[in-house]
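These come from TrEMBL:
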type	residues	note
REGION	51-82	region 'Disordered'
COMPBIAS	51-62	compositional bias 'Basic and acidic residues'
COMPBIAS	71-82	compositional bias 'Basic and acidic residues'
TRANSMEM	97-121	transmembrane segment
DOMAIN	104-295	domain 'Cation efflux protein transmembrane'
TRANSMEM	127-148	transmembrane segment
TRANSMEM	169-187	transmembrane segment
TRANSMEM	199-221	transmembrane segment
TRANSMEM	247-264	transmembrane segment
TRANSMEM	270-288	transmembrane segment
DOMAIN	299-374	domain 'Cation efflux protein cytoplasmic'
Amino acid sequence: MFFDHFTATSSPGAMPGPAPHGVATGGTFSILRLHLKSGWMIQHDAFHAHHRPDPGRFHGDSRGGPAARVHAADEDDRRRTTGRVERAMKYKACTDCVKSVGLVNVAGNIMMIVIKAYLGVVGGSKGLIADAVHSVADLLATFVMIMGMKLSAKTPNERYPDGYGKSEYMVAIVIYLFLLVIGVYIMLDGYQAIVERHFIRPCWFALWGAFFAIAINELMFRQSVCAGKQSNSPSMVAKAWESRSDVYASFAVLIGILGAMMGFSFMDPLAAFIVGVIILRLCVHSIYESVLKLMDQAPEKETLEEIHIALATVPGIREVGRVVGRELGPTLEVTINLGVPAALSVLEGERIKEAARAAVMKTFSRQTKISVHLYAV
């Protein structure tokens, strides 16, 4: 019979007590973790004589040996999956593009802050000045994003065995909370200008500033969203869509400036108000999504369906039990429970695990951590 952890009735005279790893003592066998030649880390769940899965997990003991080997294997697995993700990117230049996103965003936002602030003051546009303040927030958000990406890339350790992937969601929340405050301020400032009828007719300088802001924000959006999807980075994708919201905001500023120049003076502060509304809506939605990820929200239904389809191609599996997953920043973590014949040998069981893992890995191009547990049916 194949088993991960099987407890049989001890024979008369057998001494109770823990058995060495993988050695039978008093009818107790324990096979905790194996590292195959192919390099995949196999993490076993347990099932007992009644063939029910045990959710327990082995973390290694405090004396050294097994724990050190476990962490070394985890690091080897992380490097392998990271390398596969890089190879799966659409072009070789994608890796360099991902690394350059932070620098491009910093340079772009500094340029926009200087140009929009200067042309907003010279051109007399409250909307463009509000957009410049928004760019200051974007610059600070970029620095927070870079710190979050570096933190999530840290190697898992004994204190954080699952790694630092969730730090990206925390960073995204910090980014959007800050932008939320900026959005509310811009809204109130625009509203106050409209109510108090504090109108200033902008000139052509402000118009050119709005054109410039639209072009730069769109370029940054296209680079960031592409790099974020290729690297499966939540904070990078969040920053990308924040840049797209900047495009809409700058377009609203452009319309407001044109309207004010044509004699509709209220349109410039109205544009500032619209900028604040756009920022506010984006922040509320993004904070909500990040909180769900921190609470280990299950992956999309389509993702789980793809896993079931992949497992259906693996011979030797009698039934697919519970399949659960969660997002850990750029990493998708999946736990799969498979029903196999009770008389299966250890070697045959390991082959089924490896085949199941390989089938699922082929389905996704992103960095994926898969745990396969077997139980008898």
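Glycine too: its Cβ is placed from the backbone N, Cα and C atoms.
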Which listed stretch (127-148, 199-221, 247-264, 270-288) has the most C-beta pairs under 8 A with the transmembrane segment (169-187)? 270-288
Segment confidence, the domain 'Cation efflux protein cytoplasmic' (299-374), expressed as mean pLDDT: 88
Grouping DSSP H, G, I as helix and E, B as strand, the residues of the domain 'Cation efflux protein cytoplasmic' (299-374) number 29 helix, 28 strand, 19 coil
If we skip the immediate neighbours and take only residues 6+ beyond the ends of the transmembrane segment (270-288), which ones have a Cβ under 8 Å from one of its Cβ atoms? 126-127, 129-131, 134, 172-173, 176-177, 179-180, 182-191, 193-194, 238, 241-242, 245, 248-249, 252-257
